[in-house]
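Colleague: I am attaching a structure below and will ask some questions about it afterwards.
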Amino acid sequence: MDVKNYLKQAPSWVVTLFAAIAAFCTYLCFYPFRRAYTAATYENLYFFGVHFKILIITAQVIGFAVSKGIGVKIVSEMKPAQRPKGLLIFTGLSLVSMFLFSVTPAPYNLFFVFLASLPLGLFYGVILGFLEGRKSTDFLVAALTASFIVGSGFAKTVGNWVLQHLSSDEFQMPFLADLIMYGPLLFFVWLLAQVPAPSEADKIDRAERLPMSKAERKAFMKEFGLGMVLFVISYSILTAYREFRDNFMPEMFQELGFSGKPSLFTQTEIPIAIAILLIMAAMQWIKNHRMAFNLIQGLLLLGAVIVAGSTFLYQEGIVNPIVWLIAVGFGAYLAYSMCNSIYFERMLASFKYVGTVGFMITLADYYAYFGSLGVLFYKNFFQHSISNLKFFIGISYAVSAVYFLLVLFSVIYFTNKAKKA
């Protein structure tokens, strides 16, 4: 059976469900390429006075930042027919790099972490291109978002499984985890490639999504400059917070007395993923794009309140550590998920602006990864004597306050912009 032709004639709900499953599974299989190494602790391994895990994270973040800079052009200009091949090439190059990481002595193997990150940083913007510009985009992106929420824990679970059953070598583990996932990834990318392009009705409802040239990208920035600046700064702060939580979850679990339980990484993320999935899926019932955009901005503010509030409740002994970690994860991902997907989807639809979400999120990610680097360096060089758990509690309050104010200014900007439209 020709799957693509079948989907072209199938009811819209069948196409939506098919695309959602394909996107979820594709990104879930991708996540160990990005995060499997976080399952390792590299205990007592230091170079240049810095813990090796921090050096790995730094190398990857720099690679992702450079990748996003390159991706502003590549993702924005990539044609739909090139996307499936691009996803497989990106992960294939990363797989080769992680093999070289496994056979090269530390710390020289850090170069291959950087090298592996260059293609991986392009993945999300490209996969988003399969889903944007549809009436069902809110639901489709909800499925994609659920995958990267669960994906962080899933990658650690895969990494831990490799360490326990295949190889206890923490340098071989990332390559073996990637190798295991490449086969399933190949299949799900093929499924994703069968999804039909947006219909004419989709284009009328959401505004057509087209590749953006350099001149068109400049025109967009001229039109929404201040709003983008406020978004990028707030998103960078939020990303740095989320990255720290994801990267150092194993260490925080150890401090809390929950070491030796690899399944816990996934179990703590599943409630978050389900809640976010339901909220984002419900957004598709809001047909007024301006109303939906305003609601999304309200959810960003709510995310900040949840992070600060749950941290306070944990410190007061009202909630236990697991509930707290789930709650701060929910607050952070509530905001991050909206920013990383339907924020720009609804913004473009609200202002009837022709373009591609891939450009906007890739541009925001470019600056966001430098924010992550800043947090890593601050923790390592200025707060190195403080435990990861205590540091995380402190930044939970700081990030919440600053993020709330920046989003509030952004709301005011876009409200005034809408009145003039």
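Cβ coordinates come from backbone N, Cα and C, glycine included.
Checked TrEMBL, it gives:
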- 12-33: transmembrane segment (TRANSMEM)
- 45-66: transmembrane segment (TRANSMEM)
- 87-104: transmembrane segment (TRANSMEM)
- 110-131: transmembrane segment (TRANSMEM)
- 138-155: transmembrane segment (TRANSMEM)
- 175-193: transmembrane segment (TRANSMEM)
- 224-244: transmembrane segment (TRANSMEM)
- 264-283: transmembrane segment (TRANSMEM)
- 295-315: transmembrane segment (TRANSMEM)
- 321-339: transmembrane segment (TRANSMEM)
- 351-369: transmembrane segment (TRANSMEM)
- 389-414: transmembrane segment (TRANSMEM)
Colleague: Under a Cβ pair cut-off of under 8 Å, which of the recorded stretches 110-131, 138-155, 175-193, 321-339 contacts the transmembrane segment (45-66) most often?
Modeller: 110-131
Colleague: Mind pulling out the one from 12-33, 110-131, 138-155, 351-369 with the most Cβ pairs under 8 angstroms to the transmembrane segment (175-193)?
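Modeller: Stretch with the highest Cβ contact count: 12-33.
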Colleague: Sort out the residues at least 6 away from either end of the transmembrane segment (224-244), same chain, that have Cβ-Cβ distances under 8 Å to it, and list them.
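Modeller: Long-range Cβ neighbours of the transmembrane segment (224-244): 57, 61, 300, 307, 332-333, 335-336, 339, 343, 360, 363-365, 367-372, 374-376, 379, 392, 395-396, 399, 402-403, 406-407, 409-410, 413-414, 417.
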Colleague: Near the transmembrane segment (87-104), which residues from the same chain, at least 6 beyond its ends, have a CB less than 8 A from one of its CBs?
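Modeller: Residues packing against the transmembrane segment (87-104) from afar: 26, 30, 33, 111-113, 115-120, 122-123, 126-127, 169, 171-172, 174-175, 178-179, 182, 185-186, 189, 192.
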Colleague: Which stretch from 138-155, 295-315, 321-339, 389-414 shares the most C-beta pairs under 8 Å with the transmembrane segment (264-283)?
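Modeller: The listed stretch sharing the most Cβ pairs with the transmembrane segment (264-283) is 138-155.
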Colleague: Report yes or no: does the transmembrane segment (351-369) come within contact of the transmembrane segment (110-131), defined as 3 or more CB pairs under 8 Å with a sequence separation of 6 or more?
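Modeller: Yes, the transmembrane segment (351-369) contacts the transmembrane segment (110-131).
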